[in-house]
């Protein structure tokens, strides 16, 4: 017994919307099937007999199912959107209009610069290839004008149709597939996520141009930008399903968050190292006074006097006396002691220098000198340069590679 051949033709009326969260898309199609049933041959001057939808249940029709459909419905307004025609040689044409919500497994690694091929898969429910065969009536599938399609975030790139044999425990089935190629538009995510993230990172750099003793201003700016990045990250994730891998947008938002957080930590580091020696100086007030008095024949000593409002430099030459400014004086150790404190104390690492006096001494041989007090100057160059390099690699990598 020869298998029944079903010629299939699909006319795509519209596609969309596409839901990234539910990983599904909606499609409106006219689905036409043509086959021959010798039992329905008739002798008449009429070559074609057109019947209404009530006759559909009285004849045999293919048990076609859409394998990846979640929901599907036929159109019944104002009349059932079905057509049944029978030729006098037994040829049958059966068409109907369907709206299908079909599953589309989106791979979101490159989101929102991703491209997808969403399939529409159909086959027989119970007849294997030995009993029923599907084939395309035309080589290509026709589609309506795309102006009325509700794709919103996507551009329609084209479609292609294929057929294959699928092996199952119930037999081998002919499976037909239409692939709809879609490319995501970046406009919405550029406005809602990328531009705000970039501006927030740039805003965090303003801290580098604010005086280091303006603690409230710099701290408030740093915390505000960190919280803003946290909010942007949460909003960006709402348009995505809860996938376990990192998307392109996740990478960008995370790096922006790290830049903002690093700007806040930069000031925390600067503030700590610029004020860490005050307690040591006050505790050693007595010893410093003795050192200053007993260093007549050693070298030229410069002692720094600080007050909440101002500071002055006293050039002490032997003999000398101690001068108090505004009844509030913090003694700094002389140059040689400062060097050893920077090296031996836990406040500074081996390759860093807390103060200008640390530049001297043999400990610098073969080592890189970084002045902590110049951290803002370094950051004004390092942060914009590194962020620019990151953007260059990011956009070239995702858009062109």
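Going from the start of the chain as shown, residues are counted 1 onward.
Quick reminder: no glycine exception, Cβ is built from N, Cα and C everywhere.
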- Can you dig out which of the ranges 186-210, 286-310, 311-335, 336-360 TrEMBL describes as transmembrane segment? 186-210
- Message: Between 104, 118, which of the disulfide-bonded residues has its C-beta surrounded by the fewest other C-beta atoms within 10 Å?
- Response: 104
- Task: Within the domain 'Neurotransmitter-gated ion-channel ligand-binding' (2-186) only, compute the mean pLDDT.
- Result: 94
